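Q: There's a structure below that I have some questions on.
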Amino acid sequence: MAKGTFERTKPHVNIGTIGHVDHGKTTLTAAITFTAASADPTIETLAYDQIDKAPEEKARGITINTAHVEYQTETRHYSHVDCPGHADYVKNMITGAAQMDGAILVVSSADGPMPQTREHILLARQVGVPYIVVFMNKVDMVDDEELLELVEMEVRELLSKYEFPGDDLPVVKGSALRALEALQSNPKMARGTDKWVDYIWELLDAVDSYIPTPERDTDKTFLMPVEDVFTITGRGTVATGRVERGTVKVQDEVEIVGLTDTRKTTVTGIEMHRKLLDSGMAGDNVGVLLRGVARDDVERGQVLAKPGSIKPHTKFEASVYVLSKDEGGRHSAFFGGYRPQFYFRTTDVTGVVELQEGVEMVMPGDNVTFTVELIKPIAMEEGLRFAIREGGRTVGAGVVSKVLE
């Protein structure tokens, strides 16, 4: 069947399935595509094995296997990610390769929360996944209603422990496999025909109503990482880069943040593809002409931003994935005092790593939290991604989980 073009009239939301291995994340992803397609024939259905053979992709120098599926409900268009292996989740969430506006936490009702359930919730907290909806899968394998209540309580407590609103967030119970089997035998099944399929609809309703539509990048406060700087004789200094978020207009005041002292200036012109514009918005590659700024006052690695919206920092706590030897990472462990380069947006800055108490060393392949002190300040906020490099090769990826100073 040919892929239909998606109507972009609906708001777009990025979500994904998270949870312990074999609890049914991929089966649920397949069941969701079949459920959505039963009401809308333009949606492509994907069977389990089509999702499970996730293609490799690269993000910040790291290879990750991720399956992307698309579907829509009456009110929204969704991009949904599912990863085959636990390590792929860790890498995906830390690099931000697949940004999630919300996640569906899949828990097997027969097993309850398991180690990776906890680990994925912690990761979601550290990398800033803002909303979680729970799907208690495999309820057909549990006869005891009290046992189901117990598992639900455990999951809610675990979420509360990691600062999610465990008491209030939606928990939907069902069986992804039973729903998938029902839909594979009758793809055009109407809602209300089969209870297992209806549980998937209930989950989609919960996702629709509980996970808010994200603010569009263009509506956020302006920020542009500086990639290059040059002088136009008689007109002044131009900083070029891709607008990361927000909008910038001619005559706007902006701050130049990072590496040295923050300074304010005014935008006197904006160019894109050699044409003059009134404004540049998220996603545009632009040249921004800055008033009264010398060529040496602005450099790659700084950002232009709305005044007061972002501050330069040197010390932060990070959640980090360290590449294994097979992934082209280090061959040996590192210890406290390790001094690699931290690549933020467009530049490398040297920093010193301080490990948490009780952690002797970090091995290639580890997922770890530690503190970093940079030798120069970088425009920083929680959720900012970075790569860790040695001599230009990537040895790790991280996300700022807490700004310290």
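Cβ atoms here come from the backbone N, Cα and C positions, even for glycine.
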Q: Which is it, of 38-41, 82-85, 110-113, 278-281, that Swiss-Prot names as region 'G3'?
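A: Comparing 38-41, 82-85, 110-113, 278-281 with Swiss-Prot, region 'G3' matches 82-85.
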Q: Under Swiss-Prot, the annotation region 'G2' belongs to which of these stretches: 61-65, 186-190, 266-270?
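A: That would be 61-65, the stretch labelled region 'G2' in Swiss-Prot.
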Q: Kindly point out the range from 137-140, 241-244, 313-316 that Swiss-Prot annotates with region 'G4'.
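A: Residues 137-140 are the ones Swiss-Prot records as region 'G4'.
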Q: Looking at 19-26, 323-330, which one does Swiss-Prot call region 'G1'?
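A: Checked against Swiss-Prot: region 'G1' maps to 19-26.
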Q: How many Å lie between the Cα of C83 (GTP binding site) and the Cα of T26 (Mg(2+) binding site)?
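A: With distance taken Cα to Cα, T26 (Mg(2+) binding site) is 8 Å from C83 (GTP binding site).
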Q: Around D22 (GTP binding site), which residues of its chain at least 6 apart sit with Cβ under 8 Å of its Cβ?
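A: Looking at Cβ-Cβ distances below 8 Å from D22 (GTP binding site), excluding near sequence neighbours, one finds S108.
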Q: Quick one: what's DSSP say for G19 (GTP binding site), helix, strand or coil?
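A: DSSP assigns G19 (GTP binding site) to strand.
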Q: Using DSSP reduced to three states, classify H86 (GTP binding site) as helix, strand or coil.
A: helix
Q: DSSP on the region 'G4' (137-140): how many residues come out helix, how many strand, how many coil?
A: 2 helix, 1 strand, 1 coil
